[in-house]
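Engineer: Can you keep this structure in mind? I'll have questions shortly.
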Amino acid sequence: GEIDYEESSVIEIDVQAKDLGPNPIPGHCKVTVKVLDRNDNWPSIGFVSVRQGAISEAAPPGTVIALVRVTDKDSGRNGQLQCRVLGNVPFKLEENYDNFYTVVTDRPLDREVQDEYNVTIVAKDNGIPPLNSTKSFTVKILDENDNVPRFTKSVYLLQIPENNIPGEYLGSVLAHDPDLGQNGTVYYSIINSNVSGGDVNTYVNVNAANGAIYAVRSFNYEQIKYFDFKVLAKDAGSPHLESNATVRISVLDVNDNIPVIVLPLLQNDTAEIHVPRNVGVGYIVTTVRAVDNDYGESGRLTYEISDGNEEHLFEIDPVTGEVRTAHPFWDDVSPIVELIIRVSDHGKPTLTAAARLIIKASNGRPPDGLPHMKDNQNWDMSLPLIVTLSIISIMLLAAMVTIAIKCKRENKEIRTYNCRIAEYSHPQLGKGKKKKINKNDIMLVQSEVEERDAMNVMNVVSSPSLATSPMYFDYQTRLPLSSPRSEVMYLKPTANNLSVPQSHVGCHTSFTGPVTSTTDTPTNRMSIIQG
């Protein structure tokens, strides 16, 4: 029959031999059969325990999933086993003892990458040929709120024409959250901010469920051309995860402003202009100026004469709006001309404004110096302001220079003599009468003895502005008059018939003091202290 090493590795056989004679005596022996093992048994894999339910994706590496025992009935090399986990999965086997293994996580799990794994364990022996066995089990991954909502764009650009209807749909933002259930449910809101000094929520709002953005008000391109705000996306997981994106709303210009004629001044859309006769061709009659609050092509204006110029007496520059004479004797053809000036923008649709110019010929002459003839110069509205500021600056500069010169002169006059004047009498002055001598009343002239004497001798002459006749004094000093040193000097009367040279100018010596009429004696002196 079949021999099985696993049932019995040694077989013992008892053998008896006897002959066929009478009263045989048998002989006995024992035959031992040793069975050689053959690799005829497959490895066996058994699960001792398996984790019930799903495992969280937040489980750290090394988390135990199952306990496995692997056996092989063969012996020797045929019973030696090698075990592993099949495939690229985040699990591995760790050998414990006596062919027991544990299945543990090998790396972090991510449910968003794979939410379920089929774990297969392979056991192989070392026999020839080797035999192997496999056994599998399923591991489910439990979701955690580990993903932030992510917008499809970091910046959303939305455009809307001006004069929109409040509540109009502008566009949508979208954020994805791969988590499950509440962890993946995204709600949208606008982060509080200011737009042109107002709350952004007074401009736009967003649907919390789907991210649709709607206008709250009507936009005007001339007031606001664009504005930015941020939209917040937050999931319902615990804790909440959030992110934000920028939304820029660009307001598109619409040709909604009619050109307004500001020059010449109109009354009931009419202006009356008087033009001198015989001014020739190219005389600037007037300049039509209009403004349009729109931008781009919608704000670019063109001027034209739409009616009243059948004789081609006048022409208008389509860009500057200057109306000029085109006929040398236009007043002979028609002394009164009514022109209809039309101003058009280039928007779609085109908007226009019109003005009536009544041009009358007058006998006056054109003002001199005005650029009536055709030229390429444009009037600069800021020129009067520049001229005014220049004149004011020049006047201020002249005033400052004048004050500086005056102060300099006063400083020179201050650096003069500080004098003490002794009262003395003079026969020509009335008794009891006193008069202060000012610096303008004193004049220094050369003395007749100066040419003969080595000393510096000057005459101090009182001014004719005094009530009496001029008084003459001798001023004697051994220092030059320009010397910075100080000395005490005396004035003594001299003859009244002393001649005063006309070439000498008045001295800036400053002193004041009363002059009294007393008895004239040789000892009378007027003392002057030179400073």
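Keep in mind that glycine also has a Cβ here, set from the backbone N, Cα and C atoms.
So TrEMBL has the following annotated:
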{"type": "COMPBIAS", "residues": "511-523", "note": "compositional bias 'Low complexity'"}
{"type": "DOMAIN", "residues": "3-45", "note": "domain 'Cadherin'"}
{"type": "DOMAIN", "residues": "47-151", "note": "domain 'Cadherin'"}
{"type": "DOMAIN", "residues": "152-261", "note": "domain 'Cadherin'"}
{"type": "DOMAIN", "residues": "267-373", "note": "domain 'Cadherin'"}
{"type": "REGION", "residues": "511-531", "note": "region 'Disordered'"}
{"type": "TRANSMEM", "residues": "383-405", "note": "transmembrane segment"}
Engineer: Using DSSP, how many residues of the domain 'Cadherin' (267-373) fall into helix, strand and coil, respectively?
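Structural biologist: Taking each residue of the domain 'Cadherin' (267-373) in turn, the totals are 8 helix, 50 strand, 49 coil.
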Engineer: Grab the pLDDT values for the domain 'Cadherin' (267-373) and give me their mean, rounded.
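Structural biologist: The average pLDDT of the model in the domain 'Cadherin' (267-373) works out to 81.
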Engineer: Counting by DSSP secondary structure, give me helix, strand and coil numbers for the domain 'Cadherin' (152-261).
Structural biologist: 7 helix, 52 strand, 51 coil
